[in-house]
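One structure below.
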Amino acid sequence: MFEIIFIGVGGGAPNKRGLPGILIRREGFEILLDCGEGTQNKMIEHSISFMKLNLIGISHLHGDHVLGLPGIIQTMAMYSRQQKLLLMGPTTLQDYLKSSSKHTYFKPGFETEFIQSYEDQNLTITTFRTCHTIESYGFLIKEKDKTKVDAERLKKEGITDWRIIRKLKEGKRVEIDTKVFLPEDYLYVKKGLSIAYTGDTAPCDSVLNAIKGVDLLIHDSTFLNEREAHDYGHSNCTDAAEIASKADVKRLALYHISGRYQTTEPLLKEAKKIFERTFLPEPLSYFILQEE
């Protein structure tokens, strides 16, 4: 299960929807995707701890996605953070943070590590290229598949001995009173949940190929239906819906909405004509992604 807080959902100049920042939690591991100006202020105002963050991923170095990052790192240090902070993003991200630290005369008192991908016993986090006007990446967060025992079948057949169940889970065959129990008859694979976040992007094959079949796609939907959207390296809400449909994703969240729109209803309405399982999160809205 993933818990997702859409801290800011707008894009471009600061606006009432806030700038990009998405908090994703899974069993004590916390990820922040993008960190626009004002992200830490929103977190403080609504009692969302940034001290618990394990990893921050930055899609690209346009200001609305990254200007909040130096500030949140400095505040972490002021609050005496000791835990290492993992960072993922474009090749220029490290230079940006070094320059920011140098010219604000500040050095974090904790370790930061720049990584290209992340893996632990439960999760993998990887990036994929998106099609924006500068170097830019999307993020793919996936739970690992788990091998499970069919408890109902074992119960029906009267198998309750934990030693037998353990052997089956280990992939070993078990023989009891001449009856043979094969692991493949009692094991199944539980597919892990997955989230894809595009950051800013025009529609392109590299995005489509990376996000196929994800449970939740958070896609650039800057505009309603502007001819210039692709020239700016952005997508219309209808582009996002078409990609969601082609990629056979489970749910679509429209994201990075331009401040020019006073209401988001037309964007959601147009997208849902193409892909029904679409929603448009409000700033600071909370979403739980779990098995259906």
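Each Cβ is built from the backbone N, Cα and C atoms, and glycine gets one as well.
Feature annotation from Swiss-Prot assigns Zn(2+) 1 binding site to His60, His62, His132, Asp200. For His62 (Zn(2+) 1 binding site), the number of other Cβ atoms no farther than 10 Å from its own Cβ, over all displayed protein chains, is 21. Under the DSSP three-state reduction, His62 (Zn(2+) 1 binding site) is assigned to coil, being neither helix nor strand.
Positions annotated as active site, proton acceptor by Swiss-Prot: Asp64. Non-local neighbourhood of Asp64 (active site, proton acceptor): Gly11, Gly12, Ala13, Pro14, Leu19, Pro20, Gly36, Glu37, each in the same chain, at least six residues away, with C-beta under 8 Å from its C-beta.
Annotated Zn(2+) 2 binding site per Swiss-Prot: Asp64, His65, Asp200, His256, in sequence order. Contacts of His256 (Zn(2+) 2 binding site) defined by a Cβ separation under 8 A and a same-chain sequence distance of 6+ are given as Val9, Gly10, Gly11, Pro20, Gly199, Asp200, Asp220, Ser221, Thr222, His234, in order along the sequence. DSSP classifies His256 (Zn(2+) 2 binding site) as coil under the three-state reduction.
Summarising the environment of His65 (Zn(2+) 2 binding site), the number of other Cβ atoms within 10 Å of its Cβ, over all protein chains shown, is 26.
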